[in-house]
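The feature domain 'Malic enzyme N-terminal' is assigned by TrEMBL to 115-296. Per TrEMBL, active site, proton donor is recorded for Y138. Here TrEMBL flags R191, N446, N490 as (S)-malate binding site. TrEMBL lists K209 with the feature active site, proton acceptor. Residues annotated as divalent metal cation binding site in TrEMBL: E281, D282, D305. The domain 'Malic enzyme NAD-binding' annotation in TrEMBL covers 306-559.
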Amino acid sequence: MESKMKEKSESVVDMSPTSAVVEGGVQDIYGEDCATEDQLITPWTFQVSSGYNLLRDPRYNKGLAFTEQERDVHYLRGILPPAVMPQELQEKRLMQTLRRYEVPLNKYVALMELQERNERLFYKLLIDNVEELLPIVYTPTVGEACQKYGSIFRRPQGLYISLKEKGRILEVLKNWPERKIQVIVITDGERILGLGDLGCQGMGIPVGKLALYTALGGVRPSACLPITIDVGTNNEQLLNDEFYIGLRQKRATGKEYHDFLDEFMKAVKQNYGEKVLVQYEDFGNHNAFELLAKYGSTHLVFNDDIQGTAAVVLAGLVASLKLLGGSLADHTFLFFGAGEAGTGIAELIALAISKKTNAPVEEARKNIWLVDSKGLIVSSRKESLQAHKKPWAHEHEPVNNLLDTVKAIKPTAIIGTSGVGRTFTKEVIEAMASINKRPLIMALSNPTEQSECTAEEAYAWSEGRAVFASGSPFPPVEYNNKLHIPSQANNCYIFPGFGFGLVMAGAIRVHNDMLLAASEALAGQVTEEHYVKGIIYPPFGIIRKISAHIAANVAARAYGLGVATRLPQPADLVKYAESCFYSPNYRCYR
């Protein structure tokens, strides 16, 4: 009986890649997009899902929203209470429940449980209440969730591929029930936010990122795959924790590590094809740059910590020019932190300046300075520097601390990517305010306790003149009877739309020009109304509109570079992106 049902499901829902509703667009084996919302669908899994099983399938479960007719057709009579509650009322009830929780981690657990039982309602909540719920499913709460992942673990939400599976990674990938994967987010857990090595418990990051890919960027949940590569952990506290869910061994390094990652990358391409996007998350600096360089020419890969952060910060810098005056080439940038985020941002700024001025990138780098744990990066230190720091070793006398560096370099903007909290001291910000009429202060490290300074400190110590942005959210600050609204330089602005643009165009490689295109699109969404409030990023309330414009810009650049494979190119890429976005609204079942 079951085999017959499987055959029937294959004939009703064509599982071939050519079954997309809009030809040349984002493939969807279920034939669903915004244009089909009003059409009746059948809730197929491997067979028609009905009754008790239907309520336990998160993709099709609608809770009390099943109509009287659907309850009859799908054998739900008696299994559900008699009330019929539409999705909007369910959303209202759940938001009331969430708001009663005082502890953010409790809200996180409640949302993850909702995702596991009613997928569309979860995304409906997240989309409609993005500004309220973003800090729960992403930074800062996701950091605490990762720290306690072993204790709050309920059921797997992605793939765990450990060293035990060496030589069998392709087999493990085939264990995942979905075949048409478009976006993979992967971590090895070595550098989770600013919290360090969390090993296997870093899974909260890929899960959270992919939830945002769907909610903010329109990628269907079924096309997303979170993966944790478990090569061990050097975190002694976790190794001694009886509830730790990962391998109890020190981290693999060197050839063993890179051979394992190489097997993974080859297996991904073999199983999912050339156009699957692999996004690296929270890898240690020593591996992050090497992986991006190694696979950037053979796979569709993207590192959000290096490239996504760079694109969102560049967008903020471009937008801030309306408040600061001049062009990018007229300003001097000082980074506190020279890891993957700092050097990634610096390189993209240099590229943007180079493109605008037609000057070599090497020349554009001269107005960008970096400080690491040993002080200002200068040419006399070049021999001892890691490879990613060497391009920033300029001619200058050594300077040992940030305050003296600010006084010596006289930057227009200081950008914190150190992961060390409260390092933008009162003296540092006062020095910036003495040099600049409107000092730009970007305290980007996450989570909140790792932020280089708070919004309140930045405004107070600069006498209310700072243009401030942070990685984690801060509330508005009143100073001298004026309300200052902090900007949040959150990667969520970029990566969902960026990834969707790659998928939409069927891109096979990521180019730096695409990152510039994403930054231009984001900066273009900042209006005069926002500038009046002193903010340099648009509100998250319109994030789907922002993502559509970013996706369109990225796709256009992919077509222009000749790396797009979904042809022909749509005439209006913004409208096309919006039409392909995943919709969380309940569907009607026949």
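We count from 1, first residue shown onward.
Glycine is no exception: its Cβ is also placed from the backbone N, Cα and C atoms.
TrEMBL annotations: computationally assigned, not manually curated.
Sequence-ordered, the extra residues of this chain that approach the divalent metal cation site, with Cβ no more than 8 Å from the Cβ center of E281, D282, D305, are T187, R191, I192, I205, Y280, F283, A288, N303, D304. Within the same chain, the residues at least 6 positions away from N490 ((S)-malate binding site) whose Cβ sits under 8 Å from its Cβ are L134, Y138, T139, V312, G471, P473, Y537, F540, listed in sequence order. Ranked by CA distance from K209 (active site, proton acceptor), the binding-site residues R191, E281, D282, D305 have E281 at the top as the closest. For R191 ((S)-malate binding site), the nearest neighbour among the listed binding-site residues (E281, D282, D305), judged by C-alpha distance, is D282. All protein chains shown were included, and the count of other CB atoms within 10 Å of the CB of D305 (divalent metal cation binding site) stands at 23. Between the C-alpha atoms of N446 ((S)-malate binding site) and D305 (divalent metal cation binding site), the distance comes to 11 Å.
Within 10 Å of the Cβ of E281 (divalent metal cation binding site) there are 28 other Cβ atoms, across all protein chains. Counting other CB atoms no more than 10 Å from each candidate's CB, the recorded positions R191, K209 peak at K209.
Cβ neighbour count for Y138 (active site, proton donor): 25 (other Cβ atoms within 10 Å of its Cβ, all protein chains included). Summary: among the binding-site residues (D282, N446), the fewest other C-beta atoms within 10 A of the C-beta are counted at N446. Residues R191, N446, N490, recorded as binding (S)-malate, reach a greatest CA to CA spacing of 18 Å.
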